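S.K.: Take a look at this one; I'll ask things after.
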Protein chains: 2
Amino acid sequence: MNYFSSDFKLGILGGGQLGKMLLFDTRKFDIQTYVLDPSEDAPSKVACNQFFQGDLMDFETVYNFGKIVDVLTFEIELVNLEALEKLEAEGLPVYPSPKTLRLIQNKGIQKDFYAQKNIPSAPYTRFPDLKALQHAVEMEEILIPFVWKCTEFGYDGNGVKVIRATTDFEGMPDVECIAEEMIPFKNELAVIVCRNPSGEIKTYPVVEMEFHPEANQVEYVICPARIDDAVAEKARAIALNVSEQFNHVGLLAVEMFQTEDDEILINEVAPRPHNSGHYSIEASYTSQFENHLRAVLDLPLGNTESKVAGIMVNLVGEEGYSGNVVYENIETVLGWNGVTPHIYGKKQTRPFRKMGHVTIVNADIKEARRIAEDVKNTLRVISE
Amino acid sequence: MNYFSSDFKLGILGGGQLGKMLLFDTRKFDIQTYVLDPSEDAPSKVACNQFFQGDLMDFETVYNFGKIVDVLTFEIELVNLEALEKLEAEGLPVYPSPKTLRLIQNKGIQKDFYAQKNIPSAPYTRFPDLKALQHAVEMEEILIPFVWKCTEFGYDGNGVKVIRATTDFEGMPDVECIAEEMIPFKNELAVIVCRNPSGEIKTYPVVEMEFHPEANQVEYVICPARIDDAVAEKARAIALNVSEQFNHVGLLAVEMFQTEDDEILINEVAPRPHNSGHYSIEASYTSQFENHLRAVLDLPLGNTESKVAGIMVNLVGEEGYSGNVVYENIETVLGWNGVTPHIYGKKQTRPFRKMGHVTIVNADIKEARRIAEDVKNTLRVISE
């Protein structure tokens, strides 16, 4: 297949920031792209060849979009699975496959899959609704504290909650869920695996999520993770295994816990480019986005090693600010060594909205970490 | 000025491959761009915010375009200078300044400028037309061999010719020109200088153009140049001096000769992103395109050092092929370590047309050079 400067069309479901960054590479290779997204202000709208506005959960919309492209991929999991299944059955290459997505989209099914395949993961129990979970807690079948997760449509911490008392149930949605045992862990790690339909498979180095000591929020994604080589090897091996078991194509971001005794447990996976791989644009020989593109087009995968150390800081809207966004002090941080802001193109900020990220690269990871902290303390996402 | 995700508009004259690569960075920073180009198939058309089709040499077209943007820059020098001068006089920031461009656009004026400023350059004589040059040759005021250069509108070797016999004059255009002494040189070098309106100035490392031993064509641009540190220091110092003398803003690519006795002579300059800096996308901390953008917006300049060695190979249309382009064996070279093709997005190839380039990066420059040669011998730009 001739993908380059030809009539070939890659369809992408979702036009958010992940799609936007994927389009840097489709443009670099001059591969024609069609994008479907519900928002007329989608960040991908500029830089795709054709933009279609429509509902990603609507069968007809997704199916009709699929019929006019040659290969279909997505940058968000919340898409109509039945449409993908019908398109695949009719012969359209859909990557990742809807079979893989069906195993991942529901966290209950995902956990069952790990149990079935002997992939280490925290103990859990599935519940059809909130009432059933509350009953189990009353019966002391489930012990407080535990982690509640809704099985579908959660994102960015939305849909995950630590339950420390029965009063925490107040105001929670009455949806299918799981209760997961709380595992004390030393580190939260992630490995991005890349696999093409021919079966070529590569992993990116292990990255580490560094948490704010009080706020318990991820502050920095650090590549490479500052962990023992043996632990890193174990994490990569588990990620490879997960990818192969899912038989997935494209990128699979595998989030993991490193327990107090250096066990690795799978937390969850995302079958697409991932926040934990944004550092790769500046730090890696081949970015996660380029490798996703290579994978879904069954091209050879690029080198996943790093040129230099990379640290990523998310840019989220500050509390107390809503409206036309201003990146306060962005000129200041641009003056620092190896600092690259990525602005996603959302015109309006609101508290905690993901507006961009900043990558800090340096040959010396300690220096990168120091500059990252300065960036974190200097650049603020506020409103006019 | 708030450039990011705001109503600010950067105008770019020219929508070719240089503009296309500049747009990766305007998109990364979410800076709004308007592009003017004569071709409805311009590579920049996708990824700018608004595209305007029009003649870059037409006063009214350029002037009217300038009136609707907040800062104006260009990716090609062949633009209407009078319009730029009027826009600048009316208060529009135009970078590089038309004053600088006027000194550079005509090679005769450019050479006079070097002579005036004591910047080393090959001896030359100016002629108003071909007849005057032929007369000087007949009178033996100019000795064969020498280098003929038309003073305006030359590009990519077009407009430069070595005259070895009077018969070489046949079929040459009757235009203003210079005759330049032929200087035997060891290396052709280039240094890209970056300067913002506040006067911050940085140079990229010296790169080397490696020529094909027989064809006398540049085959590889190599960063860093494989030359003595003392020569590299001298080249950077001369490039800095040239940039300051021109008082230019944005990127200035300074092409130089290293003579047999290690003198550095200026060949010519280009006031924009340049082929000799394409390697920087993958190899440098900050690409030439991002630094051009930073400069024209008076943002702090990014680090111009390299993360790894970089080698660039141009992809030009093969002789004997015209029509819908095919990049033969591109899948093969994508499988090699550190290889990134950039496809400019021209649908039609013709002999020697610049269709793209390939960057090869590696921690080891010798390994990069080896892979670059394999790329050169494998990837072919042909037609269907």
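Glycine is treated like the rest: Cβ placed from N, Cα and C.
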S.K.: Name the one residue among A:Lys99, A:Lys107, A:Lys234, A:Lys307 that TrEMBL lists for the same ATP site as A:Lys149, A:Glu180, A:Glu181, A:Met182, A:Ile183, A:Glu188, A:Asn267, A:Glu268.
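M.R.: The one candidate that TrEMBL places in that ATP site: A:Lys107.
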S.K.: Cβ distance under 8 Å to A:Glu188 (ATP binding site), same chain, sequence separation 6 or more: which residues?
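M.R.: A:Glu188 (ATP binding site) has long-range Cβ partners A:Glu208, A:Met209, A:Phe211, A:Val218, A:Glu255, A:Met256, A:Phe257, A:Gln258, A:Asn267.
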S.K.: Looking only at Cβ atoms, how many others are within 10 Å of the one on A:Lys107 (ATP binding site)?
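M.R.: By my count, 22.
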S.K.: Taking the residues A:Lys107, A:Lys149, A:Glu180, A:Glu181, A:Met182, A:Ile183, A:Glu188, A:Asn267, A:Glu268 listed for ATP, what is the greatest CA to CA distance in Å, to the nearest whole number?
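M.R.: 19 Å is the greatest Cα spacing among the residues binding ATP.
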S.K.: What does DSSP say about A:Met182 (ATP binding site): helix, strand or coil?
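M.R.: DSSP assigns A:Met182 (ATP binding site) to coil.
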S.K.: Helix, strand or coil at A:Glu188 (ATP binding site), per DSSP?
M.R.: strand
